[in-house]
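> My questions will all concern the structure given below.
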């Protein structure tokens, strides 16, 4: 056992080392300032610049750094409800630094729960959740769900998976592993700790539907070997595993079949129709429409989806539930709408139709309305204006040479991404 005297000695040595390091740092800083001062005197003598303006050039960046440091020590978080220990849940969100996951993180944190975000940052970004870092209810873990995770939680929102065509076609094997092995690991965790698991499934399980609109009892029309099969079939297997664990192991599961969703924090280059059209319109490039543009989609704003996910998790509904906006638009109508909202003079360019592109997609949400009391409330134009504002700021950051991580490029032919 270490004696108190030895501990005091170690502490004293550490303090001396700290003082020495501080002294070295202060000396280096003083030397730098003196060098600049001498240089300024020389400049003044040569009549090139007054010493006062040079001092201001040096001091102002220092003031900025001090302000940044003060902000980091006095970080203000979004308002958080206080929940009693009985009501406060320990919640795990896989893929929680991604587009949808980060918005879900915001809601659950502000509702007063303890949230652990797990992400491998393949498509997720730390900047999406950095405003929570340091909060006592928040934890961020860099982890890939294809490896087991050991943690005590009450609820698991399993969102981890690439969701845009370029990302999951870039690495189809990884996509399959995330949706199968990753789901298996999360179900195993739910079984061990008695947690309820919500699987973020997708409308892609319906494939190119022969039934319109699509209700939860429709089995789908999917190409199992097509370019998108890694995602479509991966989610279908994930659903099957959820219900196998529910029947055999008694794990509580919830399955959300998510339709097209958009909003801030989408990757600008993720290859989906909303981000494609907004980015092209803002940059004055042609809006690329694949095929005739008569294909239909239904778009929901991200906050509506998040509310639906939370409602489903806390419900008694164990069968799959569609979460989407039943307001249907053709791709061509949607392109024209974004052009008008941006105020862009971009032309609309028609390209050859992509393989396996669904001709129609529209959710039947009667079940969500009846059993969850949920339906989308954000009007399409209101949501699009928010997304356009976000994309505009992202482009400004890039123009100012501020680093914005981008997803890895897909190894697919240009112009062949579907209207996801």
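Each Cβ is built from the backbone N, Cα and C atoms, and glycine gets one as well.
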> Under Swiss-Prot, the annotation transmembrane segment belongs to which of these stretches: 20-40, 41-61?
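Going through 20-40, 41-61 one by one, Swiss-Prot flags 20-40 as transmembrane segment.
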> For residue 149 (UDP-alpha-D-glucuronate binding site), write down the residues of its own chain that are at least 6 apart in sequence and whose Cβ falls under 8 Å from its Cβ; none is a fine answer.
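Residue 149 (UDP-alpha-D-glucuronate binding site) has long-range Cβ partners 92, 118, 141, 143, 185, 186, 189.
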> Given the recorded positions 94, 177, 188, 192, 231, 248, which lie within 10 A of residue 119 (NAD(+) binding site) by CA-CA distance?
94
> Given the recorded positions 188, 192, 231, 248, state which is nearest to residue 178 (NAD(+) binding site) when distance is taken between Cα atoms.
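The answer is 231.
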> For residue 231 (active site, proton acceptor), identify the closest of the binding-site residues 123, 145, 177, 188, judging by Cα separation.
177
